[in-house]
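Here is the structure we will look at.
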Amino acid sequence: MPTPALLVLADGSVFRGFSFGAPGTAIGEVVFNTGMTGYQEVLTDPSYYGQIVTFTYPELGNTGTTPEDDESDRPQVRGAVARNICDIPSNWRSQQSLPDYLKAHRIPAIYGIDTRALTRKIRTVGAMNGGISTEILDPVELLQKVLAAPSMQGQNLAKVVTTRTPYEWTEPTPAAWEFRPQTATEEPPLTVVAIDFGVKRNILRRLASYGCRVIVVPADTPAETILSYDPDGIFLSNGPGDPAAVQEGIETTRKLLGAQRPMFGICLGHQLLGLSLGAETFKLKFGHRGLNQPAGLTQEVEITSQNHGFAITAESLAQTPVEITHFNLNDKTVAGLKHQTLPIFSVQYHPEASPGPHDADYLFGEFVAQMRAYRQQHPRRQ
């Protein structure tokens, strides 16, 4: 017999289903992801820390799980919600079923509910806190715990998911999955310092595949320490939570701007770059989470992978030295920035995909080109 489970939202909505994860109770912000594939990458993406993810695609777990697809060392979500669950996966790469994977990592999850109704609720009312439980099956009691939980707004979660010590990343994209092979070069590798606000492994793989030596540092690393590596470029990673609350990241980025070195930001890193330049951010009603978000400016459109609940206020960029390079074409929110005089740019989406389309992978190539140009103008001291 399946174990009964309960999902309660902060507005009092109640959904009854069955457990496909670990027993217990999980409280977090309930959001939805519209991707048809890549559930393991979603579950292990640090940007989802503190959230309960609803998968809108009705079938989940069909291909099982494999350590190769993890975007971090463990699942980062508080919980998961699905319509139907596959207990017996069918894929040659699978090493563990999704239910067993979640149980091993102590992540509660619920299936058998009307995920379409839940998604429409979030889309209409907005993302809100909720709770999944196999031990509290009284909606009133679970609602009390949900209402006592803090809002995502104002939370600095980057400090929770960041690495504790610096390390060097050397693993490129596996040859079997490489879709844009790089030509071998005799030039020395470029040094990139990646500030880890919750970085995905595939971002680091893409940088390594483009010939970069990648040094990953904690989110609170001072600008002086970062510059002591004499980097050819600085990368601002993705991550969870409210960007305006990541004050150490904003201050560090502001100081690094003075070094005038190439800088590339993705997702939270994009928002921190905007904040460091004097822009403002706001919380989206229900966020952008999926693999088919159109982004562009004029005649060219990229289909992108996105995962964020905050965005830069377009009007606040008027007095900053940047120009908008991309909009999200669904709601016209800012999706890309470029500094007017410095080799600095950022995007609100994920060019590394994993999961998702590869339309924007060229941005890593642009970052590399900027770094090589910088190093030609500023030769490394022998």
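Keep in mind that glycine also has a Cβ here, set from the backbone N, Cα and C atoms.
Among the candidates S47, S72, S90, the one that Swiss-Prot lists alongside G239, G241, L268, Q271, N307, G309, F310 as binding L-glutamine is S47. For F310 (L-glutamine binding site), the nearest of the active-site residues by C-alpha distance turns out to be C267; the candidates were C267, H350, E352. Taking only the Cα positions, the spacing between G241 (L-glutamine binding site) and C267 (active site, nucleophile) is 11 angstrom.
Same-chain residues that are not part of S47, G239, G241, L268, Q271, N307, G309, F310 yet have a Cβ within 8 Å of the Cβ center of the L-glutamine site turn out to be G198, N238, P240, D242, P243, C267, H308. The two recorded residues, C267 (active site, nucleophile) and H350 (active site), have Cα atoms 7 Å apart.
Note: G309 (L-glutamine binding site) has non-local neighbours E29, V31, A127, M152, K283, L284, F286, G287, i.e. same-chain residues 6+ apart with C-beta under 8 A of its own C-beta. The two recorded residues, E352 (active site) and Q271 (L-glutamine binding site), have Cα atoms 18 Å apart.
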